Amino acid sequence: MNNIATQLKTYGIGATGVLLFILLGLPLPFLMGPLVLCLIAALLGANLQMQKFLNFAFRTILGVAIGASITPDVLATVPRMATSLAIVPVFIVLIGLTSYPLFRKLFKLDPVTSYYGAMPGGLQDLLIFGEAAGGNVRALSLIHATRVLMIIGLAPIVLSAFWDVDLLARPGKAATETPPLQLALFVFAGLGGWWLAAKLKLLGATIIGPMILTTILSLSGIITQRPPAEMIWASQFFIAIGVGAKYVGLTWDEFKRYVFAGVVNGLQLALLSLIFIEVIVVFGVAPGLDAFLAFLPGGQSEMVVLAIIAGGDLTYVVLHHILRIVMIVSFAPVLLRWLGR
């Protein structure tokens, strides 16, 4: 019962954040509202907790949104992305080479924690690898949560300032304008795709599985539109609470050392990302908006949310983030073992 009460309190804080942002006319109320209020509550000592199934289930909506955006015309553009995708490994290597010395020399973290702290991959995978290798899991969690938090906080400002993105616009049609059969198919594709991907032990099962199944249904003409705004807002809500809740139990010493390290690294990565984005745009490899969304090293879920809001090329953005995460998950542990010899 205590867990249920804590979870209800957490969702209540998140909902209050949404309401406050709507009343104040602030942008991205379903994303930034819960994130900001849950972050404040966590820093003030509140115990926040999410229901894991709900958290994962609502992430599947993002996979459905991606898959529903993939049409034969979109698939025809994929070969043109080869040059841009080839830049991703270089991007990863430079992030690692510049971030590791920051954590190891400036913030005096141990080698394993510094190594996995420098990898811009998926949080859960890096925590598992870091713990298995003897790293500081709490430090890794705070460093990567701070990286994602900074990107979620700063990216909308850049999107609004440089691309005039309307951050208050609806991210899709209303649920009342969506046929009931399509709504049922969204739920089926989301939960069914997640289940299949989990059974096959695919990376990022909550997004990749629904994306693959929805793509099949979209290309076959069964799913004919993207999920409605209400479903996208729900996914934003749960993702935002998850980011804010990672700061529960934060001590002043952890803030000074790990959160500050995450802030400095986040700024470092932002600068490096901007250099790559500028090169991509100058050489005409991809449009500026898509390059911006694809080469910001945020979490996969968070970047999909921003791409949907901004109206970016979802296929382009998602392929780059999937490649980044797959490469890190595949090679980071192997490289660490090789370096440790």
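Using the three backbone atoms N, Cα and C, a Cβ is placed for every residue, glycine included.
Remember, TrEMBL labels are computer predictions, not curated facts.
Among the features that TrEMBL reports, transmembrane segment is placed at 18-44 (among others). Through the fold, the transmembrane segment (18-44) approaches residues 10, 149, 152-153, 156, 160, 167-168, 233-234, 236-237, 239-241, 243-250, 305, 309 of its own chain, all at least 6 residues removed from its boundaries and within a Cβ separation under 8 Å.
What TrEMBL records for 56-75 (among others) is transmembrane segment. Residues 172, 186, 189-191, 193-194, 206-219, 223, 225-227, 231-232, 234-235, 237-239, 301, 304-305, 308, 314-315, 318 of the same chain lie 6 or more positions beyond the ends of the transmembrane segment (56-75) yet place their CB under 8 Å from a CB of it.
A Cβ distance under 8 Å defines the sequence-distant neighbours of the transmembrane segment (81-103), meaning residues of its chain 6+ beyond its ends; these are 109, 113-115, 117-120, 143, 261, 264-265, 268-269, 272, 276, 280, 285-286, 291, 294-295, 297, 316, 319-320, 323-324, 327-328. Under the heading transmembrane segment, TrEMBL lists 81-103 (among others).
Only residues 6 or more beyond the boundaries of the transmembrane segment (148-169), in the same chain, are considered here, and those with a CB under 8 A from a CB of the stretch are 25, 27-28, 31-32, 35, 39, 123, 240, 243, 262-263, 266-267, 270, 288-289, 292-293, 296-299, 302-303, 306, 309-311. Taken from TrEMBL, the feature transmembrane segment applies to 148-169 (among others).
What TrEMBL lists as transmembrane segment is 181-198 (among others).
What TrEMBL lists as transmembrane segment is 205-225 (among others).
Residues 10-11, 14-15, 17-18, 28, 30-39, 41-43, 46-50, 54-55, 58-59, 61-62, 64-65, 141-142, 145, 148-149, 152, 171-172, 175, 186, 259, 301-302, 305, 308 of the same chain, all 6+ positions outside the transmembrane segment (231-248), place their C-beta atoms under 8 angstroms from a C-beta of that stretch. The transmembrane segment annotation in TrEMBL covers 231-248 (among others).
Residues or ranges marked as transmembrane segment by TrEMBL: 260-285 (among others). Long-range neighbours of the transmembrane segment (260-285) within the same chain, counting only residues 6 or more positions beyond its ends whose Cβ lies under 8 Å from a Cβ of the stretch, are 83-84, 87, 91, 94-95, 98-99, 102-103, 106-107, 109, 117-118, 120, 139, 142-147, 150-151, 154, 291-292, 295-297.
Sequence-remote contacts of a segment are chain residues at least 6 beyond its ends whose Cβ falls under 8 Å from one of its Cβ atoms, and for the transmembrane segment (322-340) they are 85, 88-89, 91-92, 112, 115-116, 119-122, 125-126, 129, 132-133, 203-204, 208, 297, 300. Residues annotated as transmembrane segment in TrEMBL: 322-340 (among others).
Nonlocal intrachain contacts for the transmembrane segment (205-225), taken as residues 6+ away from its ends with a CB within less than 8 angstroms of a stretch CB, comprise 56-57, 59-64, 66-72, 75, 173, 178, 182, 185-186, 189-198, 300-301, 304, 318, 322.
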